[in-house]
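Written below as structure tokens is the structure these notes are about.
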């Protein structure tokens, strides 16, 4: 994030979801005032591709059986090397599948609730298998609406900035930098009247007279986008 701020001459930038050392993949970065909208995706589901190393032998059938046991709501305590307090908590695993296997190396696809530790998940799977296991590699391929197919390297961004500054060609930059609305496109929306825009933008509470339309899915204690 600090590199992006320096490259683009920005005072503010932020990201949605830390990537641990030696973990690669998708890291949504918000620029300037769009950092205010980061909470719109910071709690979204995430998808990972992981390589799990087994410490002993286990059949494919048994591995699939155990992975199925970890699908749904699970209890998890963050690993020792984590940025949060090590308290037991619940997290939801939406899917956990074995894609390939090469000896004791197992390629996994995991779609999980935000805050789920894949390293700990691999360890726990190994414990239930009775052979032990650890996470060897990890790549995050999706965060909410942001997929790996849309990911941009720092080199790509630097090239796009060069084209814009030197030749006035902003086509690549526009392709890489999404409008702020993109971060909340997955949220149910509340449309407000023009007369309410200014007061809401300055922090006032949204009152019923200022609402023009409410989409399905807007519920109490659930995040929504005001547009």
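Keep in mind that glycine also has a Cβ here, set from the backbone N, Cα and C atoms.
Listed in TrEMBL for this protein:
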DOMAIN    5-118  domain 'Pseudouridine synthase II N-terminal'
DOMAIN    119-184  domain 'tRNA pseudouridylate synthase B C-terminal'
DOMAIN    188-227  domain 'PUA'
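When Cβ-Cβ distances below 8 Å are used as the criterion, the domain 'PUA' (188-227) is approached by residues 39-40, 43, 181 of the same chain, each at least six residues removed from its ends.
When the domain 'tRNA pseudouridylate synthase B C-terminal' (119-184) is classified with DSSP, helix, strand and coil residues number 39 helix, 13 strand, 14 coil.
Secondary structure counts, DSSP: the domain 'PUA' (188-227) has 11 helix, 10 strand, 19 coil. Per-residue pLDDT, averaged along the domain 'tRNA pseudouridylate synthase B C-terminal' (119-184), amounts to 93 for this model.
Using DSSP to sort the residues of the domain 'Pseudouridine synthase II N-terminal' (5-118) gives these counts of helix, strand and coil: 25 helix, 44 strand, 45 coil.
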